Amino acid sequence: MDLASLRAQQIELASSVILEDRLDKDPPQLIAGADVGFEQGGEVTRAAMVLLKYPSLELVEYKVARIATTMPYIPGFLSFREYPALLAAWEQLSQKPDLLFVDGHGISHPRRLGVASHFGLLVDVPTIGVAKKRLCGKFEPLSAEPGALAPLMDKGEQLAWVWRSKARCNPLFVATGHRVSTDSALAWVQRCMKGYRLPEPTRWADAVASARPAFIRWQEIQP
């Protein structure tokens, strides 16, 4: 595994990330969520992608792709491991979204190329990274109140918003992926909340990927 080459690719790709709002439809009509996991001891990569109507946030389509994992887990290079399965799920969608939420980092990455940015560049779609853990940067401690907010900073640059979406829950790290500004990324995440820790696009993607009860109930009521 030539990490120097991958690192150079990350730096080059990161220079092409668009950090401002460039949505083709604003407001969007369809919003997608994506979640990636691994099965069979990491041998299989599973990507779930869901489509939701906006602003109702009604789930209208889902796809799950499973492919052989193409590279081992290497911290800082996760997007190279995840994007092939994401692309496989993306290509199965009957319609393409106007905005995509990805469970993972956007520019809040040491080389400014988390999976949300990498995939957004790959398919040229506006993306937002919604991560559950910090990868780099620092932020001031948040109060315990829901809605508490702080910038995630690294070397004088804001990489994300750290936002406590729900009481008694760890905060989310909301970042530009591609073609969405940092402030707009947070605003879109906030618009897509329905009382859970995660915004609806990534919550549904996780529910589909893991066959959670919410998804099973949804399947049962479909005509």
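Cβ atoms are placed via backbone N, Cα and C, with glycine included.
Going by Swiss-Prot, these are the annotated features:
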- ASP35, ASP103: Mg(2+) binding site (BINDING)
- TYR73: site 'Interaction with target DNA' (SITE)
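With the fewest other Cβ atoms inside 10 Å of its Cβ, the least crowded of the binding-site residues ASP35, ASP103 in this structure is ASP103. In the three-state DSSP scheme, ASP103 (Mg(2+) binding site) is classed as strand. The Cβ of TYR73 (site 'Interaction with target DNA') lies under 8 Å from the Cβ of GLY42, ARG81, each of which sits 6+ residues away along the same chain.
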